[in-house]
Amino acid sequence: VLQSSNTLKASYEDWLLTYGLSISPFRMRWQTALFNRQFYNWGRWKPRFLYLWFSIGMVFGIVAMFGSVVLLGKTLMQTLTQMLTEAPKAQNDRMLQVVVSVLASGLYLRSLIIIMCHKLSAFGVVPGVNLPVSQLTYFFSATLISGVIHEVGHGVAAIREQVRFNGFGIFIFIVYPGAFVELFTTHLQLISPIQQLRIFCAGVWHNFVLGVASFMVLFLLPAILFPFYYTGVGALVTEVAEDSPANGPRGLFVGDLVTNLQDCPVYNVEDWNSCLGDISEKSQVGYCVSAATLQQLSFPARVYRRLDGTVECCSNNSLTDICFSYSNNLDSQLYACLPARKVIEASKVCRTNMDCQKDFVPSFCVTPSLENQTRLIRVKHPPHIDMLYVGHPMHLQYTVSLSSFVPRQNFLSIDLPVVIETFCKYPLKCLISLSGALAVINAVPCFALDGQWILNSFLEATLSSLIVEKQNRELLGFLILLAGSALLAANVALGLWMVTAR
């Protein structure tokens with residue numbers, strides 16, 4: 001039995017080796033030489049252009065190395081300052097970016113940097129927790145694309161500098177994908193420090209270029225889709241969650257075009273988010289109601305205070321009536337339970353009674369008396385009747401999905417721009433952030449990052465004549481790497497504390 005088990009194990013290991021697979025706890029790795037010819041074609045294409053291309057990348061990598069130290073130092077000081085304050089400012093996103101970037105350092109953890117891409121409050125992005133399951137495909141695609149582009153930079157630059165290219169591969173660490181290239185180490189050690197710099201800086205350089213290209217795609221997206229979809233007329237509803245307050249017979253439906261939130265015009269998704277943000281931050285607006293209408297609609301009700309100090313004057317069982325407050329000419333605060341839709345429809349938005357004085361008709365500015373943070377929002381989506389939403393504005397934002405692109409023809413599916421918009425906006429924004437992280441954080445002079453090799457090659461290229469002994473240069477490099485690693489570690493510790501402890 002033991003011999004059979006050993007035979008099976010040997011066969012299994014041979015099978016893995018044949019297909020370039022390597023499996024270990026939390027990690028699966030695949031390496032192949034199938035793409036070697038393509039890499040060599042890229043590396044030998046227009047040698048002069050590639051020389052200039054990677055020389056610019058070398059300059060960028062060196063600047064990024066020094067800039068990353070300044071950035072980390074500034075971030076560390078901001079974190080320390082924030083720790084000393086009782087009410088920290090909302091900078092946890094930036095702290096988390098540094099933390100996750102550090103955790104992602106090294107070959108197999110690099111793809112974790114994508115966690116910083118999607119800004120969801122002060123929390124990181126955890127697939128299936130605060131990253132919707134529907135977004136996982138885009139999430140992991142952006143991760144893999146960024147890693148592949150980074151490693152392609154190293155591989156092509158190595159071939160350009162006559163370093164043997166052994167293979168390309170991808171890996172999965174836990175659930176996060178990434179990429180790597182394998183170079184012949186002996187060749188890498190024989191070339192000059194300047195040539196090494198071009199290779200080591202190529203990864204962060206390609207990530208920077210990818211970020212610029214991603215920004216251009218985002219910027220030109222409306223023009224690309226213009227022949228089939230137009231923008232600037234409203235926000236098109238593409239999905240309403242089943243548990244959304246906007247779901248119902250008088251709510252929002254897929255295909256509705258939202259044009260206004262209160263008196264805030266909506267021309268695209270950005271306006272929708274901006275209007276909801278303003279409504280959330282500002283106090284509840286009121287509605288102009290004539291004295292005669294107010295007397296006709298109001299009915300006696302018991303007035304009492306809620307636990308948060310706000311006033312309620314309607315029955316808790318009412319689904320159509322809302323308690324409104326207003327001031328009479330004697331400046332006394334009065335309350336009336338009124339049917340919300342009759343009060344709001346065809347009413348002018350106001351802040352004070354002075355906003356309602358028109359044609360000498362006595363009118364009052366009645367304001368919904370709601371719990372703190374709760375708002376009454378009128379959502380216009382013609383030709384349908386206005387939706388009246390009562391709740392926190394952010395709940396409406398999180399449970400309704402919209403698109404800025406409206407089909408020019410009825411046969412065009414609204415799902416197509418949703419897919420394009422999601423794939424372009426979400427991953428490309430992530431790629432911009434991710435590429436920036438790889439281009440800056442990965443250039444930090446720290447052990448296991450590209451910055452380690454960039455620093456060593458930089459010292460060899462610049463200090464060979466000043467510090468003759470190689471041992472002394474290596475010692476200086478080690479001390480700088482130690483300081484850079486300590487700076488990065490300090491950002492990790494304090495950043496984690498800012499995210500978790502508060």
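In case you wondered, yes, glycine gets a Cβ from its N, Cα and C as well.
Computed from a predicted structure; not experimentally measured.
These come from TrEMBL:
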- 139-473: domain 'Peptidase M50' (DOMAIN)
- 50-73: transmembrane segment (TRANSMEM)
- 94-116: transmembrane segment (TRANSMEM)
- 136-153: transmembrane segment (TRANSMEM)
- 165-184: transmembrane segment (TRANSMEM)
- 204-226: transmembrane segment (TRANSMEM)
- 431-455: transmembrane segment (TRANSMEM)
- 475-499: transmembrane segment (TRANSMEM)
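For the transmembrane segment (475-499), the partner stretch with the highest count of Cβ pairs under 8 angstroms, out of 50-73, 165-184, 204-226, is 50-73.
Long-range neighbours of the transmembrane segment (50-73) within the same chain, counting only residues 6 or more positions beyond its ends whose Cβ lies under 8 Å from a Cβ of the stretch, are 43, 98, 153, 156-157, 160, 194, 197-202, 204-206, 208, 439-441, 443-445, 450-451, 454-455, 458, 484, 487-488, 491.
Looking only at the domain 'Peptidase M50' (139-473), the predicted model's pLDDT averages out at 86.
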